[in-house]
Amino acid sequence: AVIGRYKLSVQIGSSSPASLGNFVLLFNPWSSGDDVFLPNKAECEEYVLEEFGIIFAGNKNHISGFGWNFGQFQGDILNICLSIMDRSLYYRQDPVTDVAHRHDPRYLGRVLSAMVNANDDQGVVLGNWSGKYEGGKNPSSWTGSGEILQSWKKSGFKPVKYGQCWVFAAVLTTVLRCLGIPTRTITNFSSAHDADGNLRVDEFYDADGNHLERGADSIWNFHVWNESWFTRNDLGPSYSGWQVLDATPQEESGGIYQCGPASRYAIKEGEVDLDYDCPFVFAEVNADCMYWNYDSATGKKTLIFSKSTEIGASISTKAVGRDDRVDVTSDYKYEEGSAKERDTFKKARKKLGLEDKFDPTAPTQEEIEQKPDISGKFKVAGSLEVGKDLNLLLVLENLQSDAKTVNVNMTAWSTLYTRRRVNEIWKDSISVTLAPKEEKQFPVKIKYPEYQQQLTTDKTIQVTALCHVEDGIQVLVQRNITLDNPAIDIQVLGEAKVNKEVVVEVAFTNPINTEVKDCVLQVEGSDLLQGILELRIPPLKASEKSSTKFKLIPSEAGPKHLLVNFSCDKFADIKTFKMVNV
């Protein structure tokens with residue numbers, strides 16, 4: 001049966017039918033005959049009924065997580081989800097055929113992956129990766145899907161400004177859980193965006209070590225997509241189970257911005273010729289990385305090095321029934337560096353016709369096999385916190401048995417989480433001589449006042465050292481750093497009971513030696529309060545502590561989550577959450 005609104009009436013004998021009212025039919029993951037049947041009850045609870053989630057972010061060296069209020073059973077959300085289906089391009093072009101396909105989670109997953117982004121169809125959320133968010137909300141300021149879906153409806157279905165990957169994934173989670181399809185968010189660290197479909201990501205640097213915006217390929221610190229659980233009658237039983245859907249508008253598929261469902265099993269096995277969008281998802285977790293030096297004067301590019309183990313690290317999702325991270329990397333690919341993983345990569349290349357075709361942009365085997373004379377890495381020395389100086393060590397090691405002279409050009413840029421450069425923070429160059437097999441450390445200090453004005457709300461900095469070895473090949477040393485916000489603390493003062501007031505206290509201490517102002521506290525939580533509570537807080541002097549109290553009246557018993565977001569002129573979107581047992 002197709003999901004959606006039905007009229008129910010009863011007819012007795014030959015009298016005219018009497019209406020009993022309307023009902024909404026949804027998918028049923030508890031029913032063994034349903035395409036979305038999920039045999040594990042605890043997983044049904046988590047992936048359909050749970051209104052709170054944790055989305056993982058940061059970078060592969062430093063994973064952090066923040067809470068999200070999916071809120072799929074609140075207020076008007078079901079009606080909004082049904083109206084999303086009726087506004088898709090598929091429905092507008094051929095309503096009869098579209099509705100006839102609404103029994104199929106495959107079809108709906110694909111349609112909704114297109115509708116959650118605003119591209120093509122005036123869908124729910126408009127993406128913005130410019131670092132400038134005038135005329136809308138900064139993507140990192142949202143704490144739940146409810147406000148976004150309600151705004152979309154209230155504005156007469158105009159796209160809500162603005163989203164980035166986790167916003168698209170979180171809204172799609174809300175919509176699919178609301179319709180009864182088990183769904184979760186997945187974070188992939190060092191995620192490849194392979195725009196030209198060659199399973200290779202090319203990154204370019206100039207002689208000073210500046211990362212150049214050349215070509216459409218990119219590597220994101222992290223990317224968030226969805227997995228939904230259903231059978232793949234079109235592919236066969238081994239391809240059923242978790243399916244990848246991605247509502248972030250990255251590449252067109254079938255002429256519009258939609259992605260999936262791609263069978264996770266097909267991705268792991270390199271079966272990239274199967275529907276839908278397997279090559280793109282396969283590249284996100286498996287692409288090989290090529291780092292090039294590009295000379296804009298001559299147009300000449302030289303390979304610095306290539307890496308096949310860089311992409312697709314620490315693939316993460318929230319645990320069932322617990323607020324913890326679970327690593328699912330091994331469900332997407334065989335172990336990095338293993339023969340099986342390389343064989344799968346070759347199989348995928350072959351299926352895409354990349355093995356036999358000459359690629360003039362690819363590096364030669366000779367270039368790939370060249371060995372550098374030195375190695376380098378950036379080590380973090382001290383804490384990574386907004387408001388504190390950033391202390392790093394550049395460690396260089398001579399791998400050869402003769403002395404080497406190295407000229408090092410270093411830069412630090414503030415970036416978005418997609419590694420797009422926004423502002424230059426610092427640069428320096430040094431010349432060093434390394435004795436045979438010698439290792440040396442060079443301290444790098446970037447003071448808070450140097451980076452404070454330049455930092456984006458993603459709080460990410462890319463530090464690069466391009467090492468020019470005399471009579472040797474260049475070595476690129478790079479580190480993407482995500483800074484942590486200072487902490488914020490929530491206390492529930494007393495016992496939380498249904499329909500009884502309970503006081504909550506939120507405390508924040510200003511960690512820097514200047515005043516912070518324009519302080520705003522945003523609070524939300526399904527079944528704990530209606531909508532979003534916004535509180536203005538007076539300015540805080542250096543090291544001053546603020547304590548804000550407010551009341552909740554819980555409407556339902558059980559474990560509920562309260563989400564808090566604090567912002568001021570020096571710190572953006574300090575998030576935390578607390579489980580409240582009602």
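Placement of Cβ uses the backbone N, Cα and C atoms for every residue, glycine included.
Where the annotation comes from TrEMBL, it is an automatic prediction and has not been curated.
In TrEMBL this protein carries:
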- 157-249: domain 'Transglutaminase-like' (DOMAIN)
- CYS165: active site (ACT_SITE)
- HIS223: active site (ACT_SITE)
- ASP246: active site (ACT_SITE)
- ASN286, ASP288, GLU336, GLU341: Ca(2+) binding site (BINDING)
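On a Cα basis, ASP288 (Ca(2+) binding site) lies 21 Å away from ASP246 (active site). A straight line from the CA of GLU336 (Ca(2+) binding site) to the CA of HIS223 (active site) spans 19 Å.
Helix, strand and coil content of the domain 'Transglutaminase-like' (157-249), in residues and according to DSSP, is 17 helix, 41 strand, 35 coil.
When each of the recorded positions ASP246, ASP288, GLU336 is scored by how many other Cβ atoms sit within 10 Å of its Cβ, GLU336 comes out lowest. CYS165 (active site) and HIS223 (active site) have their C-alpha atoms 6 Å apart, to the nearest angstrom. Within 10 Å of HIS223 (active site), as judged by C-alpha distances, no binding-site residues are found among ASN286, ASP288, GLU341. Non-local neighbourhood of GLU341 (Ca(2+) binding site): LYS333, TYR334, GLU335, each in the same chain, at least six residues away, with C-beta under 8 Å from its C-beta. Taking all protein chains in view, 25 other C-beta atoms sit within 10 angstroms of the C-beta of ASN286 (Ca(2+) binding site). Taking the mean position of the Cβ atoms of ASN286, ASP288, GLU336, GLU341 as the Ca(2+) site, the remaining same-chain residues with a Cβ inside 8 Å of that point are SER308, THR309, ILE311, GLY312, LYS333, GLY337, ARG342, PHE345.
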